[in-house]
Amino acid sequence: MIEVLLVTICLAVFPYQGSSIILESGNVNDYEVVYPRKVSALPKGAVQPKYEDAMQYEFKVNGEAVVLHLEKNKGLFSEDYSETHYSPDGREITTYPSVEDHCYYHGRIHNDADSTASISACDGLKGYFKLQGETYPIEPLELSDSEAHAVFKYENVEKEDEAPKMCGVTQNWESDESIKKASQLYLTPEQQRFPQRYIKLAIVVDHGMYTKYSSNFKKIRKRVHQMVSNINEMCRPLNIAITLALLDVWSEKDFITVQADAPTTAGLFGDWRERVLLKKKNHDHAQLLTDTNFARNTIGWAYVGRMCDEKYSVAVVKDHSSKVFMVAVTMTHELGHNLGMEHDDKDKCKCDTCIMSAVISDKQSKLFSDCSKDYYQTFLTNDNPQCILNAPLRTDTVSTPVSGNEFLEAGEECDCGSPENPCCDAATCKLRPGAQCAEGLCCDQCRFKKKRTICRRARGDNPDDRCTGQSADCPRNGLYG
């Protein structure tokens, strides 16, 4: 029996509430500052895992104490998850990073049945939690004190622009009848829970978005992982497990002509997916993230009810906000179309800000309306898409692994990975001239850190871990030689 580790974190509210600050999510006008303090239940001297399977946070919001329970989202990545980028001469470089010990969690607030949470613990705490109907983002503050975090409400983030943002799918008003019919169906509690379904997701990042983030592969990877974690959390009430199967970044050029007309781009992307992407690895649904400004304030487009179709199980989404959550809502919205959902009708669905609203809101909900659930249930009943019946397997891969599994193999001096890595040549897996290392807690700018440099702060009664000066690895329990 595997024991679940329970970790308690106390978040002490800083003595003041900030009035305005620029965060990764944008300019926030009102926020609270909190300090995570970790208290581990591990026995004295035990090795601390990098990311625990389960955690518990205690903190205050608006003066009220809450308890946040988190569990690692163990199904977030497929077993053969891969990342692809391209060399300047056009060669495809595919890596298979180890993602088992990842840092993405989902959870809930104690004694709040409607609460949810989606948190990244990669570098501090970043994500959101829903408490008493309100959604609160949390993210680290870039201060000298690295433990400081901000908690705020989405409506306190200044708008990035005043133009309305909307889905480009044209409402099929004749489909209102299907809502009525679906709504008239009596669903037992068992049916309302929805059968378990699994969607293997492929994310493609176009060249415009790649350059938008300074051609920084790691930054894009982190952003996409956070998006998929959020999508997974939003789909949980439908009993859908989202698994990221592959990330393909067009680092040198676009492989289709990304046009201002979103449906045209979706058609081109669907053709490319059928011809190229599906031959690399099997997956159920693919989305293209782009920095292209679509016409008519469109931020996303997808085919309705075409999940599992080799050409039409696709969507195109503009990376329209600095807020990861807002883009993730759009991606979930377009996924909803592929699962048979139409836009919410204001008169019938009683939810102006739910996921399938045609226009995105500053107070965007992370919930599917009853109408969306009826559409989805009808789609499952009538179409019964086969590709989402089974959990992802290793046999879903149809290509040969290349490199980049975060382990050094025979002939490798460093693990092939991001093309912008200044220390490791991604094409040869060799250290670049003058480099001692490519990654590790004791590696800084391709050189070993000095002996006795702290690389991991003490926890409990354990001493600080310090670098040896001879390796990029950070030894445990203060053994630095």
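The backbone N, Cα and C atoms fix where each Cβ goes, and this holds for glycine too.
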Disulfide-wise, see what Swiss-Prot says Cys474 is paired with, picking from Cys455, Cys467.
Cys455
Tell me, from Cys387, Cys414, Cys416, which cysteine Swiss-Prot puts in a disulphide with Cys308.
Cys387
Nearest to Cys308 (disulfide bond) by Cα distance: which of the binding-site residues Ile299, His333, His343 is it?
His333
Cys424 (disulfide bond) versus binding-site residues Ile299, His337, His343 - nearest by Cα:
Ile299
For the domain 'Disintegrin' (400-481), what's the model's average pLDDT?
71
For the disulfide-bonded residues listed here, Cys354, Cys437, Cys467, which shows the highest count of neighbouring CB atoms within 10 A?
Cys467
Give the three-state DSSP assignment (helix, strand or coil) for Cys423 (disulfide bond).
coil
What subset of the recorded positions Arg296, Ile299, His333, Glu334 lies within 10 angstroms of Cys467 (disulfide bond) at the C-alpha level?
none
